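Structure first, then comments.
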Amino acid sequence: MEFSTSSFIFDDDTPPKCPLATKASFIFSVYIIIGLIISYLLQIFRIVRLGSSQGLSFSYLILGYIGVLNAFSNVIALQISPLTECCQNYYSKKQCFANTTGLIQVGSQVLIMGCVLMAFWMFLPRPIHFVAADDENGLPIPEPLSVTKSRKWRKASYGLLGVFTWGLFIICLSATVLSSNFAWAAFLGFSASFCAVVQYVPQIIKTIRHQSHGALSIPMMMMQTPGGFLIGYLLSRLPGTNWTTYMMYIVSACLQGLLLMLCMFYLHKEKSRRKREELQATLQEEESQRAVRILEAETGPE
């Protein structure tokens, strides 16, 4: 299928800072938004289905969310002013909407990743989520839940509160007093790229240590890895943006591909182990039945 490269409006008088979105880029942007939402819903559904977020690194999720928040604020800081000017003076309504899809992409990722964080927090494994109070002898009471929350639960709660506060703070700054501030945008872009690199380290370590992907959704990563490269390309075409805006997505896609291969390796290894165990159990059952038949043949009927 060939996509038309024609724009939504045909006006050669638009300045270079107001590029016209093509039909192809608009269609790809819509697909990316839908794909992002579906991919993160797959992660949420896996956590809910397992009833546990075991195997997911909290540092991985928090750093990833900070990176997305910073990238969203970077797009706001660089794009709001030129996009407003272009929409008021040069774009038609269709073209204005088409050129806001990049902002919608990153914004939808902020919202849905926040839902993933909440799902992680709600389904923390109970032995980690809560600790039991001590009885009169100083021994822990074996109860699944307790009023006294665990240290890790408090850490996750404070972490969520802190990152949501940070997100609200930088988004407000980027949309108001620091709009079109290139130094601020560069800081956000570099920090987003840094988080994109560092976030995968704790998850890779946790995956190798457990030798399992746990609650981490492989279908989510299979959708997001190629999508990350496409998002980076589409963001590079937006008015007012530069390489600090899309670099995070390129780096994230590369490292997520590495994590995906690691998870698929351990999944294949686990399936092979289960097949060997099932085969061994079948052989043992057949051997037991054969031994019973031999014993019955030797002893004969009573």
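The backbone N, Cα and C atoms fix where each Cβ goes, glycine too.
On a predicted model such as this, the values are computed, not experimentally measured, just so you know.
The annotation transmembrane segment is assigned in Swiss-Prot to 25-45, 58-78, 104-124, 158-178, 182-202, 215-235, 247-267 on the grounds of sequence analysis. Taken from Swiss-Prot, the feature domain 'PQ-loop' covers 175-245.
Across the domain 'PQ-loop' (175-245), DSSP assigns 51 helix, 0 strand, 20 coil. Remote same-chain partners of the transmembrane segment (58-78), defined as residues 6 or more beyond its termini with a Cβ less than 8 Å from a stretch Cβ, comprise 102-103, 106-107, 109-110, 113-114, 116-117, 120, 152, 155-156, 159, 163, 166-167, 170-171, 173-175, 178-182, 184-185, 188-189, 191-196, 198-200, 202-203, 206, 235, 238, 240-242, 244-245, 248-249, 252. Long-range Cβ contacts of the transmembrane segment (247-267) within its own chain (Cβ-Cβ under 8 Å, at least 6 residues beyond either end) map to 64, 67, 70-71, 189, 192-193, 195-197, 200, 203-204, 207-208, 211-213, 216, 218, 221-222, 224-229, 231-232, 235. Away from its own ends, the transmembrane segment (182-202) comes close to residues 57, 59-60, 63-64, 66-68, 70-71, 73-74, 77-78, 170, 173-174, 242-245, 247-249, 251-252, 255-256, 258-259 of its chain (Cβ-Cβ under 8 Å, at least six residues beyond either end). In the predicted model, residues of the domain 'PQ-loop' (175-245) average a pLDDT of 84.
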